[in-house]
Amino acid sequence: MRGPLGSVIGRYPSSDGSSQVGGIIRQNRKCRDVPFLVIFIALWVAMIVNSSFGFNQGNPSRLTYGLDYKGNVCGDKHANPDLHELELMYWLNPNQVYLSGLKNSQFKLANARTICLLDCPIPSEDTLNWVCDYPAGDIRISFNDWIDSNYDYFEFLTPEMRNTSLQLQGPCYPVIFPSVNVFWRCQYIAHPSNVSLRHWQQMGGVHINEDIIIDKSIHKSINARSSVLKRYMADIGKAWPVLIVCGGLLPLFLSVIWLLMIRHFVAAMPWITVALFDILIILVTMFSYLKAGWIRNDAISPIIGEHDPYYHVSGRELSHLRTVAVLMTVIMVVAILTSIAIVRRILMATSVLKVAAKVIGEVQALIIFPVIPYVVLAIFYMVWFSAAFHLFSSGRIVQNDCDSSCCAYDLESKKVSCDHCCGYSIHYTSHIAVAIIFHLFGCYWATQFFIACSATVIAGSVASYYWAHGGTSPEITFLPVFSSMRRLMRYSLGSVALGSLTVSFVESVRFMLESIRRKLKVTGTTPDGCIGKIAHHTSQFCLRCVEWTIKSVNRNAYIMIAITGKSFCRASAIATELIMNNILRIGKVNVIGDVILCLGKLCVSLLSAVFAFLMLDTHKYRSAHNKITSPLFPVLVCWALGYIVATLFFAVVEMSIDTIILSFCQDSDEHQGTAQYAPPLLIETLNDQNEIQRLTQ
């Protein structure tokens, strides 16, 4: 009986009609799915152009620091005046802050007068402190002297300037409320100093509102969703050493160690993997509880630097961590119960892993090969992250359009000016949003492409091993890995591009549908009826099943592409037919092996997350300039990078198992149900009659 590949694999007729040996991997190939390779190249060109726009227009400092009333980014050494060390944004006029917090007010906090300072001012215990505008005009003091005098030159003001200052129009403003550094903004604490307020009233100053609205107005601005998202992006930039160590180097080391242990201690590895997975997921959950403040008193704080413990300020980041802690608790319980459920099946996984271990032992270059796509991806991610930071901060700084509530004294014109006194904001257009979405899609497609290329090369190498009777043979080239790489580069890049595009497209559709679902949930238009909810959850489940199925089909398609050189669609059809014809023989064995390999990937990624938590818990990232607002995003990025690196290396075992099983199926179909080329260990694993009977039942 001939299989779906006909005479492609095994012994096939030569051009003169005689049967000859030497057809282990089909050699008479041609380029397939070329249009999709052209599309992939066009994507790279578009990503380069897109990134160039970000590098030209963006400034990552905008993600962390605020703007002063002149539109300068605090901490910018190129600003006028030089704000290199002045990173904190301070609202000068407390009445403007109060006005912006009123429900029916048209005045926005972004229009309140702000300047950049070195530290947040606090009221004096026996007199009245002032914070004055940047020195200019008739104020003949240097910028450094202004900083050294705590931003106070009230004594040098003319009577006219003093009068406008008492009207809260500058150039000097009283320090009535204490303030603390909350994410590089001086957050007002709505507890005015009685001493300072009494001095202000004695000098004839205008009424200053003391309501809690002053506190809430700034707090609301700091915890807006856009502000939190910017801080999360800035956290990734500040924690780049953690990303390199825990997202790149550590997963590389752990993945290689895991492969070597599979090679030499294969019988113990499934048990070690399951036990380590349970321990690590418990550790990650405990770290989440620790940072959420539910274990000990170590919750993350939005306040930067030293502060009076009397002041308590919470941020949206803390609520996010608490949500993650609850989610991790649920995942931990499910994971532990699942681990207990598969204990009886671990012996079956061991027998499958032994076959992969033998392949790795024979084709030893497979352990080293994933380093090549790893280096390519590492370079790609470094450039991609840098471009992402610039794209995310590439909005234009424009002046707001507001009324005359922001009138202030201008030191240059020597009068109170109500023209062009509105604040500045970073304006993001829809084009920037599209550019960011395209940048994310390009990253996902490129990642899937490199992983698919790696998997195809491994499949071609393992197939060469199988069809040489599972051992060394003159029919296998001296370097099967490099031969497989050559075939991929010459013939199959288009097919790999199509397969990776399919996964990326389905994942993008699922992401967009999830975004629409969230928006409908916010607006309250989600289906409330029982049938509507069932339909909604069913559609989500079906979409996830489709995504999983496509990924599984793609993996088998890459194997047949490596063996036959067929196009992606044809290779998918061949692989599906082989699997369906042998589903009872390979289904249960393959699933258990995949579960163990998935747990292994999660072990590497979870260990990366644990070390990221530990590194981010040091003094460097908990205080001062390098303080991160929350460990959540850097840890998630380290987890994702660790999983991607583990996927590259674990593909050696994963693709070895799948390639050998598919080759076994084809071998059996070509030889009337008896595999002629299969290694004895594989025959013993897959031809266990008792197991087949249990599967049939």
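Cβ atoms are placed via backbone N, Cα and C, with glycine included.
Annotations in TrEMBL come from automatic prediction, not curation.
Quantities reported herein were computed from a predicted structural model and do not represent experimental measurements.
Residues or ranges marked as region 'Disordered' in TrEMBL: 1-20.
Positions annotated as transmembrane segment by TrEMBL: 36-55 (among others). Long-range contacts of the transmembrane segment (36-55) within the same chain, counting only residues at least 6 positions beyond its ends with a Cβ under 8 Å from a Cβ of the stretch, are 383-384, 386-388, 390-391, 394, 435, 438-439, 442, 445-446, 449, 493-495, 497-498, 501.
The feature transmembrane segment is assigned by TrEMBL to 239-262 (among others).
The transmembrane segment annotation in TrEMBL covers 268-290 (among others).
If you look up TrEMBL, you'll see 324-347 (among others) marked as transmembrane segment.
Annotation comment: TrEMBL describes 367-389 (among others) as transmembrane segment.
The transmembrane segment feature in TrEMBL is assigned to 449-468 (among others).
For the transmembrane segment (488-513), the residues of the chain that approach it from at least six positions outside its boundaries are 29-37, 39-40, 441, 444-445, 448-449, 451-453, 456-457, 460, 539-540, 543-544, 546-547, 550-551, 554, 557-558, 561-562, 565-569, 571, judged by C-beta separation under 8 angstroms. Marked as transmembrane segment by TrEMBL: 488-513 (among others).
Within its own chain, the transmembrane segment (595-616) is flanked in space by residues 239, 241-242, 245-247, 250-251, 254-255, 258, 269-270, 273-274, 276-277, 280-281, 283-284, 287, 291, 342, 346, 349, 353, 628, 631, 634-636, 638-643, 645-647, 650, 653-654, which lie at least six positions past its ends and keep a Cβ under 8 Å from the stretch. According to TrEMBL, the transmembrane segment annotation covers 595-616 (among others).
Summarising the annotation, TrEMBL assigns transmembrane segment to 628-653 (among others).
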Using Cβ atoms only, state whether the transmembrane segment (239-262) and the transmembrane segment (367-389) have three or more pairs under 8 Å that are 6 or more apart in sequence. yes
